[in-house]
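Trainee: Can you keep this structure in mind? I'll have questions shortly.
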Amino acid sequence: MVFNRDIARFSVGVIGNVIALILFLSPLPTFIRIWKNKSVEQFSPIPYLATFVNCGLWVLYGVPWVQPNSILVVTINGTGLGIEIVYLTLFFLYSDRKLRTKVFLVILGEIIFVATLAICVLSFVHGNKKRAAIVGSICMVGNILMYASPLAVMKLVIKTKSVEYMPFFLSLFSFLNGVSWTAYALIRFDAYILAPNSMGTVLGLAQLLLYATYYKSTKRQIAERETKGELVMAEKSVAGVAQKPRNDSRV
């Protein structure tokens, strides 16, 4: 049986699309929590800001005028772009004023950057190879930033010995996404996809190892916090009863 690279690459690309879609959807429980609590708590916007600009860059890379025959790159990153817009909108709504301003300015800067790059490359650079080289090189940086963005959260995990603010499924599917797109890039060599995704595989694995290391201590901290909260409520209840004025009726 003859190995067909195009079929194999397309098949791996489809698998990569499915995994990437799950990756984009994996923070959904986090944002349901934010929506219910009307607060972003200690969750960081950095991973979502990095993913937002990264998806925009890869959509540009995959268009036919830059890198032909990359429809799978465009479809998944276009979908991811829409999902990140929803996440960032929720983050914007439930942040305090200071953080909200920062998020808005970063988003605005990212949009201006991608739009300027698209106009410059499509207007002044001729030939797909040159365009792909320029956009691909920038995409590599964007992808690395996306995979590296949880480093700030990883620092918090090590400091607090808790993975409460590092969503497990985001870490898991970051790792699987890196593996699938690394395989995609190796079947028909594409350095621009290979370099950042191989690094993403390593960083995703590091997050999973951290999760395994601090999972038990996180459970213990949450249990202690809940117990303490119950004790405080009980004390307040007892104090309320004690302070309640006596309503004696005397004949």
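Just so it is clear, glycine is given a Cβ too, placed from its N, Cα and C backbone atoms.
Feature table excerpt (TrEMBL):
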TRANSMEM  12-34  transmembrane segment
TRANSMEM  46-65  transmembrane segment
TRANSMEM  71-94  transmembrane segment
TRANSMEM  103-126  transmembrane segment
TRANSMEM  132-153  transmembrane segment
TRANSMEM  165-187  transmembrane segment
TRANSMEM  193-215  transmembrane segment
Trainee: When you scan the chain for residues with a C-beta under 8 Å from the transmembrane segment (132-153), skipping those not six or more beyond its ends, what do you find?
Mentor: 44, 46-47, 49-51, 53-54, 57-58, 60-61, 66-67, 117, 121, 125, 165-166, 170-171, 174, 178, 191-192, 195-197, 199-200, 203-204, 207
Trainee: Would you say the transmembrane segment (193-215) and the transmembrane segment (46-65) are touching, if the rule is that at least three C-beta pairs must lie under 8 angstroms and be 6 or more residues apart?
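Mentor: Judged by the Cβ rule, the two regions do not touch, with the required three close pairs absent.
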Trainee: Thinking of Cβ pairs under 8 Å, which stretch from 12-34, 103-126, 165-187, 193-215 has the most of them with the transmembrane segment (71-94)?
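Mentor: Against the transmembrane segment (71-94), the leading stretch is 12-34.
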Trainee: By Cβ distance under 8 Å, which residues at least 6 away from the ends of the transmembrane segment (12-34) in the same chain are close to it?
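Mentor: Sequence-remote neighbours of the transmembrane segment (12-34) are 40-41, 43, 47-48, 51, 72-73, 75-76, 79-80, 83-84, 86-87, 90-91, 94, 167, 169-170, 172-174, 176-177, 180-181, 183-184, 187.
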